[in-house]
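Look at TrEMBL and you will find 62-87, 107-131, 161-179, 222-244, 315-335, 356-377, 438-459, 497-522 tagged as transmembrane segment.
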Amino acid sequence: GSGGSNPAWGTILGETREPEDEILPRKDYESLDYDRCINEPHIEVLEGIDNKKAKKYEAIKWILVFAIGVSTGMVGLFVDFFVRLFNQLKFNVVGKSVEECSEKGCLALSLLELLAFNMTFVFIASLLVLIEPVAGGSGIPEIKSYLNGVKIPGIVRLRTFLCKAIGVLFAVSGGLFVGKEGPMIHSGAIVGAGLPQFQSITFRKIHFNFPYFRSDRDKRDFVSAGAAAGVAAAFGAPIGGTLFSLEEGSSFWNQALTWKVLFCSMSATFTLNFFRSGINFNKWGSFQLPGLLNFGEFKCSNGDKNCHLWTAVDLAFFVAMGFVGGLLGALFNCLNKRLSKYRMRNVHPKAKFMRVLESLLVSMVTTVVIFVASMTLGECRDLSSPTSNNTTSTQVTMVNSTIKQFFCPNKTYNDMATLFFNPQEVAINQLFHQDGTFSPVTLTIFFTLYFLLACWTYGVSVPSGLFVPSLLCGAAFGRLVANVLKINIGMDIYSGTFALIGAAAFLGGVVRMTISLTVILIESTNEITYGLPIMVTLMVAKWTGDFFNKGIYDIHIKLRGVPLLEWETEVEMDKLTASDIMEPNLTYVYPHTRIQSLVSILRTTVHHAFPVVTENRDNEKEFMKGNILISNNIRFKKSSVLTRAGEQRRRCQSMKSYPSSELRNVCDEQLGGQPAGDNQDILEQMLERR
């Protein structure tokens, strides 16, 4: 999300004004090391490794990958369990009071009860984000940046993980239009970064002497495995998770990693499946609930020969829906970008508590809208007969148990309340499988309200996913199309398919993912024949949306000022040479630079890598500082400025990134009261801070 990543956020936002009046934070991000850093300590470690040890490391890697998968599955289980618990509590209390009040006319009371529940939950979620601002939003933009090689401060810390997991549980229970799937990906990535470290910055007591997978390269591999496991647990889609990690995330990938990542995803999915099936159905050892988000089964009943899930004629409609989905997604992203910029200007620079107030405002508006819309705009619809043609009996009972009867006579139900007064996953299942129709008016109103509120909610400082709201919004749009075709044109179609394609079109238009999203949706529906329609729809949606703007995650990465390297370069860039973009005034050091000057260099720059140069003694007079630095008479030597002990210490401890402005203050305080003799310590402290 657009929550700030550091205390100096407000001041930074004030400083940079770009020509188009865009407020982007200053780029205080360090990059991860791409390759292993070859230095003397590392070479010593290498010399101690033989074949036997190498095999042992490989075995440990597999064990860790399995552990990451299982842990991610357990996180999903934890979140799901509590969301279910809170939702049942909330809907039972409020439902009872609505049914009593519809006779006595005390509806204001029911609304107050609902408000009390929702605002309490959202308040807790928002407070957790105040503790750790990086935990806001869905976390996918940050993980995408991390896997691209940019280190965002605090993103894979244990504290972030706790705030994220507990926060998302309250945000979803609080009735906000957010999903718990996006944050699952972030949580998985943090588990992946943390488990193989065997140490924690948050809890310093946790510290095992196991210094192997500490290099950025190994850590990044585990993070991509963790992110994949998060997707797999969220949607029950192990292959989709692997592809997500490959497509969206990593710019560094190798073959051995593919197999490990798939293994990790599988272990996550089946851990979650095993425990959820056991807890919900009391059948341990049967695997019936793959992911947090289940789409149910799409199939025609056995007797009906004329029913098809989709036909070639429908493909034309799917392409059209993809086009509309792309347009709607582009509109969503455009509104959300405007809103996020407004937030950065007007909410974030103010006191931090303003963010909590904003979350509470969103919560209040959402609750009132849900309540009023359900009570006044819903229509009473007939329950379809259970002998209907295209659902199995178990599904009918499942779907029928979640419909809401508010204000409707027996044998009918309130279609608006059925969508609004259920958890989002249930509402999606309703749109996919409910035989009783939803009226076109209801669907239109629901879609509009949901679109606007979801757009406003994404970026508020609570942990929030975007997958489920987009799917629900799109499913309403698809169901609307199906209603028009079925009732007004009289075509014989399967409404569930249209709802699914609508969901795919809208989600594709918002996030612009292709391969991974296709596979995730196929795996969630368990229906391989949907491959072609989903792929065609997503492609059209992506191309249509790309014509206007970027995907929502890329927009948020850009708003945070992360220097992300794109896959494709602009054509203009092919014409540039290195000298066009080089920095003429380079900061560099000599092998024997004094510590005093190193401290002053660190105080005046924002990065922590400098070229070490040696002069060529013969033509000394040609040597000039300044612009002609990289001329032939200078040999670059990659030698370390630090002593070896310092180097080792610096490598072992995870570096903390601080924005330079804050760093300067720290150094000034320390330099003020200390004699020059302690400079060595100051230098080491500064490097560790970075």
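Count begins at 1; order follows the chain as displayed.
Using N, Cα and C of the backbone, Cβ positions are placed for all residues, glycine too.
TrEMBL labels come from automatic prediction, so no person has curated them.
Under the criterion of 3 or more C-beta pairs below 8 Å, with sequence separation of 6 or more, the transmembrane segment (161-179) and the transmembrane segment (222-244) do not qualify as touching, having fewer than 3 such pairs. The stretch in 356-377, 438-459, 497-522 that contributes the largest number of Cβ pairs under 8 Å to the transmembrane segment (315-335) is 497-522. The transmembrane segment (107-131) shares more Cβ pairs under 8 Å with 356-377 than with any other stretch in the list 62-87, 222-244, 356-377, 438-459, 497-522. If you count C-beta pairs under 8 angstroms between the transmembrane segment (497-522) and each of 222-244, 356-377, 438-459, the highest count goes to 222-244. Tertiary neighbourhood of the transmembrane segment (438-459): same-chain residues 1-2, 137-138, 176-178, 328, 332, 335-336, 339-340, 343, 362, 365-366, 369, 373, 377-379, 381, 415-416, 418-420, 431, 466, 469-470, 472-473, 476-477, 479-480, 483-484, 552, 556, selected by CB-CB distance under 8 Å and a gap of 6+ residues from either end.
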